[in-house]
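TrEMBL lists E95, H264 with the feature active site, proton donor/acceptor. Taken from TrEMBL, the feature active site, acyl-thioester intermediate applies to C129. Sequence annotations record features per position, and here TrEMBL assigns CoA binding site to S221, K269, K273. The domain 'Hydroxymethylglutaryl-coenzyme A synthase N-terminal' feature in TrEMBL is assigned to 13-186. Annotated domain 'Hydroxymethylglutaryl-coenzyme A synthase C-terminal' per TrEMBL: 188-470, in sequence order.
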Amino acid sequence: MPGSASVSCLGPWPKDVGIIAMELYFPSQYVEQSELEQFDGVTAGKYTVGLGQARMGFCSDREDINSLCLTVVQRLMERNGLSYDSIGRLEVGTETIIDKSKSVKTVVMQLFEDSGNADVEGIDTTNACYGGTAALFNAVNWVESSSWDGRYALVVAGDIAVYATGSARPTGGAGAVAMLVGPDAPLAFERGLRGTHMKHAYDFYKPDMVSEYPVVDGKLSIECYLSALDRCYSLYRNKIHAHWQRDGSEKLFSLEDFGFLVFHSPYCKLVQKSLARLMLNDFLSDPCSNTESGPFAGLDAFRDVRPEETYFDRDVEKAFMKASSDLFERKTKASLLVSNQNGNMYTPSVYGCLASLIALHTPAQIAGQRVGVFSYGSGFAATLYSLRVTQDHTPGSSLDKLVSSLSDLKARLESRKKVSPAVFSENMKLREETHHLASYVPRSSVEDLFPGTWYLNRVDDKHRREYARRPLDDDLSAEPERVRSTTATAQILRVVHCVHRLPPAASHVALAR
């Protein structure tokens with residue numbers, strides 16, 4: 001696999017730094033949004049049509065942010081045949097805080113113990129749904145800096161999105177994404193092409209330190225999201241225009257210059273509205289745009305609108321959603337697979353969209369394309385940046401391997417267990433009452449988890465959390481359990497082979513704590 005190099009071989013600037021491999025984890029159970037509409041006594045279609053959501057994944061009391069990140073990291077390492085000593089940086093982006101001091105990253109370091117590799121930079125990065133993107137930028141910057149020692153960086157974005165009973169609850173979800181970062185990547189960052197906008201706002205925040213639930217100003221949150229999108233797109237276009245002008249081109253940038261576009265997805269309908277919003281920006285920025293025919297046909301009445309006055313303008317929204325419908329089908333719709341079926345994962349949301357886009361296309365279909373990525377986190381922080389997909393889509397290429405590793409995404413979503421809204425509600429109540437407790441043993445069944453999932457085993461009287469891993473199924477070549485005693489306690493060792501593409505010689509011992 002590309003990416004790792006000896007320090008003596010390092011050049012002045014690593015080439016094509018970006019995402020080499022991705023892994024996605026989501027809970028093994030979900031609730032149907034149509035059934036939740038009936039359970040909540042709301043109008044049919046409020047969640048499924050109004051929000052664009054079909055299903056919502058959720059965690060029992062057996063899972064927390066630590067277990068999610070342990071699972072997705074180990075799965076990425078196994079499926080890609082990676083040794084833990086090949087990682088030089090590990091950073092976690094999350095807003096699911098279960099400790100005000102100890103980072104999730106330090107818990108994940110348990111996976112590195114048998115390799116003897118403790119020389120791993122990075123800690124946690126937090127700002128609502130933006131933390132994963134900040135961690136990813138840090139990883140790319142590390143590889144491109146004088147600090148790089150030739151090893152990979154590993155970025156983990158994970159969250160459990162839960163809300164109090166009410167209108168926001170159906171916009172929840174849970175999951176984690178792990179991304180391997182290094183040079184010669186199939187998804188390379190386009191240098192200097194980022195538009196960032198950050199501002200103070202109380203649109204969504206979590207001031208109650210003993211509650212998982214946020215305080216949400218729904219209307220303000222949408223306004224902040226759309227205003228950040230406007231500003232980031234404007235900045236991005238200015239920067240790419242400057243690049244083009246240096247090359248002697250006066251071409252104006254438009255949405256057609258993106259092969260695909262993915263967005264942070266609190267709910268799918270907002271993503272569709274966001275693409276329409278970018279089309280409005282294209283329309284207003286080009287005074288010569290044709291309103292007689294083409295994509296802007298019939299939109300002349302909106303020529304003089306002020307963007308900051310249109311966040312909740314239904315006429316503008318309806319007109320540009322209709323005008324951008326073809327763009328949406330071609331460039332964005334495929335990215336909403338996980339969002340539609342699993343819900344909002346907070347920091348991993350936009351990267352779940354990226355993984356969905358890759359999973360639903362062939363290497364040839366995405367090769368050479370520019371992918372626009374809009375990441376937003378409340379409070380607020382936002383960036384629009386772009387990735388360039390490698391041209392090489394031959395069998396066995398890095399792009400072919402990346403697409404292959406995500407090709408089972410749809411099947412994995414379908415393999416989950418459906419539960420009733422009543423059971424979902426009971427789980428939310430259980431988490432609400434117990435997630436902060438000491439001396440707690442989770443009540444939910446481990447057998448409901450996917451094979452190979454890490455889970456919370458117990459919390460002791462000092463709030464120390466212990467984890468174990470559910471064995472892999474027999475058809476996944478799990479070895480028998482072995483027990484080793486230490487002076488303090490008996491610890492369970494499970495020797496596991498890879499789930500995907502790891503040769504037996506690369507198997508390793510995972511310590512279940």
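From the backbone N, Cα and C atoms, a Cβ is placed for every residue, glycine too.
Unlike curated records, TrEMBL annotations are generated automatically.
Looking at the domain 'Hydroxymethylglutaryl-coenzyme A synthase C-terminal' (188-470) alone, the prediction's average pLDDT is 96.
Take the mean position of the Cβ atoms of S221, K269, K273, the recorded CoA site; other residues of that chain with a Cβ within 8 Å of it are I222, Y225, L226, P266, Y267, L270, V271, S274. For the pair the residue listed as 'active site, acyl-thioester intermediate' and K269 (CoA binding site), the C-alpha distance works out to 18 angstrom. Put simply, H264 (active site, proton donor/acceptor) is 13 Å from S221 (CoA binding site) when counted between their Cα atoms. Spanning the residues S221, K269, K273 that the record associates with binding CoA, the maximal Cα-Cα distance equals 15 Å. Compared over the recorded positions H264, K269, K273, the count of CB atoms lying within 10 A of a residue's CB peaks at H264. Taking all protein chains in view, 21 other C-beta atoms sit within 10 angstroms of the C-beta of S221 (CoA binding site).
Cβ neighbour count for E95 (active site, proton donor/acceptor): 27 (other Cβ atoms within 10 Å of its Cβ, all protein chains included). All protein chains included, the residue listed as 'active site, acyl-thioester intermediate' registers 32 other Cβ atoms within 10 Å of its own Cβ.
Here the CA atom of K269 (CoA binding site) lies 23 Å from the CA atom of E95 (active site, proton donor/acceptor). For the pair H264 (active site, proton donor/acceptor) and K273 (CoA binding site), the C-alpha distance works out to 12 angstrom.
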